[in-house]
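All remarks here apply to the structure that follows.
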Amino acid sequence: MKEERPIIALDFSSFEETKAFLDLFPAEEKLYVKIGMELYYAQGPDIVRYIKSLGHNVFLDLKLHDIPNTVRAAMAVLKELDIDMATVHAAGGVEMLKAAREGLGQGPTLIAVTQLTSTSEDQMRGDQNIQTSLLESVLHYSKGAAKAQLDGVVCSAQEVEAIKAVTPTGFNCLTPGIRPKGSNIGDQKRVMTPNQARRIGSDYIVVGRPITQAKDPVATYQAIKAEWAG
């Protein structure tokens, strides 16, 4: 599948900032937004309930990584928030991924984080003591996620084609680190433009600061959406 809307990363910590940003958009514009650790830990489940009450889709990106029983129970709780997508960390192993699927059920999309887009190959080898290539690590995690019946993975757009080649048809690739041409890449090491991500086969893209910190967030969002749609 291909989600037509870019997912907006709500890189805020307060309810007021979040509401002010969402209020910029007309009520009929239904967004797909990402709630990460900063916003969720600051505001808790109520921020999810508020955004869902506006009719937006919610991707809750908490990257759960714990023993299978704990992850299963946590996902069952998150399911009650009517989220549309959630993440777990692939490094937790296939049994943990299966437990996450059991807890969340078959409704929401469940994807696994492979290697963060802020991670370079040298960092992976030095910090994680993984001595394969970065791509081989990502493919290993992706195959584990597919085995556990997850819906896809978070990955760099540069890895999408290789992941699609080793996973079942319909396995989704969500790519963060998307930056419009000419924008600051921030702390991302592996980035692409929306157009490049579309052409290479990404199913979802996540864009944060280029939209949330833009002088005109609505116009910037619409431009990125148009570029993503092709």
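Just so it is clear, glycine is given a Cβ too, placed from its N, Cα and C backbone atoms.
According to Swiss-Prot, the protein has these features:
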ACT_SITE  Lys63  active site, proton donor
BINDING   Asp11, Lys34, 61-70, Thr117, Arg179, Gln188, 208-209  substrate binding site
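Here the features listed in Swiss-Prot are placed on the structure.
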| residue | record | DSSP (3 states) |
| --- | --- | --- |
| Asp11 | substrate binding site | coil |
| Leu62 | substrate binding site | strand |
| Pro68 | substrate binding site | helix |
| Thr117 | substrate binding site | coil |
| Gly208 | substrate binding site | coil |
Looking only at C-alpha atoms, tell me how far Thr117 (substrate binding site) is from the residue listed as 'active site, proton donor', rounded to the nearest Å.
14
Integer Å distance between the CA atoms belonging to Lys63 (active site, proton donor) and Asp11 (substrate binding site):
16
List the same-chain residues at least 6 positions away in sequence whose Cβ sits under 8 Å from the Cβ of Pro68 (substrate binding site), in sequence order, or say none.
Glu95, Met96, Lys98, Ala99
Rounded to an integer, what is the Cα-Cα distance in Å between Gly208 (substrate binding site) and Lys63 (active site, proton donor)?
17
Under 8 Å by Cβ from His65 (substrate binding site), counting only residues of that chain that are 6 or more apart:
Val71, Val88, His89, Ala91, Gly92, Met96
Using a 10 Å cut-off on Cβ-Cβ distances across all protein chains shown, tell me which of the recorded positions (Asp11, Leu62, Lys63, Thr117, Gly208) has the largest neighbour count.
Thr117
